[in-house]
Amino acid sequence: MPNSTTVMEFLLMRFSDVWTLQILHSASFFMLYLVTLMGNILIVTVTTCDSSLHMPMYFFLRNLSILDACYISVTVPTSCVNSLLDSTTISKAGCVAQVFLVVFFVYVELLFLTIMAHDRYVAVCQPLHYPVIVNSRICIQMTLASLLSGLVYAGMHTGSTFQLPFCRSNVIHQFFCDIPSLLKLSCSDTFSNEVMIVVSALGVGGGCFIFIIRSYIHIFSTVLGFPRGADRTKAFSTCIPHILVVSVFLSSCSSVYLRPPAIPAATQDLILSGFYSIMPPLFNPIIYSLRNKQIKVAIKKIMKRIFYSENV
């Protein structure tokens, strides 16, 4: 039987063993992190300060931006610090925290994107019932339900992963802890864990994806029935950013499972993990800022207010 000594720390992979490349990785990741953080903070500020954006759609957009800022903060700053300090170690407790938080934020973000699709569906297809179906009380209830179910979901997967013995190695082929990489280190049978991941991912991810697609089929069939003009343009301007955000999020997550044989597994893991941990939080505020007219107007108003107060 393999030696099943308790692993108290793990070793994460470097992007490079060359010191100058480690510095380059740290600097580039830190810049992307700052841009992402500022973009999401801007969305939160705009949707909070502008009273014209105090609507359910922007309530969920604000929550999504807070979530994105937290999500990228779980992995990227630690990776930057490790590169600067030339360190690859992470404690078992730190690894548990990373796994739990990554699973939690990904799960809740998927639910938020689904709720936002439902919000657009009701606004476009059932406008007369919108104030009743999507009111402030319902918004808060859906948010709390997403967060609480996320805690249960993340706790279930984190607990089932770390109850396994790790004895093959303590080297994780990622720049942060994630469940697929940890399962490869276990010396026990991980079949039940893998089945649970696949079933839950298909159940949650597949269910949300089908709901989002169904919502937008109804939305576009309704919008195309509008006469050409301001109403159709406004409907498209609020829906298209959300479709782009959903596409970036789902494509970045699904790309983790696409592994071309020409690229070594370790390199592939690092590239894909960097992609799905950075791209969705980075692009979400950019997409909403560029494609949503109300957001652009609100940003201009806040900028004018800031510059005016400075000049005074």
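Note: Cβ is positioned from N, Cα and C throughout, glycine not excepted.
Here Swiss-Prot flags 1-23, 74-97, 159-194, 257-269 as topological domain 'Extracellular', drawing on sequence analysis. Residues annotated as N-linked glycosylation site in Swiss-Prot, with sequence analysis given as evidence: Asn3. The feature transmembrane segment is assigned by Swiss-Prot to 24-44, 53-73, 98-118, 138-158, 195-215, 236-256, 270-290, with sequence analysis given as support. Sequence annotations record features per position, and here Swiss-Prot assigns topological domain 'Cytoplasmic' to 45-52, 119-137, 216-235, 291-312 based on sequence analysis. Positions annotated as disulfide bond by Swiss-Prot, on the basis of sequence analysis: Cys95-Cys187.
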Please name the residue among the disulfide-bonded residues Cys95, Cys187 whose C-beta has the most neighbouring C-beta atoms within 10 angstroms.
Cys95
If contact means at least 3 Cβ pairs within less than 8 Å, sequence distance 6 or more, would you call the transmembrane segment (138-158) and the transmembrane segment (53-73) in contact?
yes
For the transmembrane segment (98-118), name the stretch out of 24-44, 53-73, 195-215, 270-290 with the most CB-CB pairs under 8 Å.
53-73
Over the span of the topological domain 'Cytoplasmic' (45-52), count residues by DSSP class, listing helix, strand and coil in order.
7 helix, 0 strand, 1 coil
Where among 24-44, 53-73, 195-215 do we find the most Cβ pairs under 8 Å to the transmembrane segment (270-290)?
24-44
Restricting to the same chain and to residues at least six past its boundaries, which positions have a Cβ under 8 Å from a Cβ of the topological domain 'Cytoplasmic' (45-52)?
58-59, 61-62, 65, 294-295, 298-299, 301-302
Six or more residues beyond either end and a Cβ under 8 Å away: which residues meet both conditions relative to the topological domain 'Cytoplasmic' (119-137)?
56-57, 59-60, 215-216, 218-219, 222-223, 235, 238-239, 242
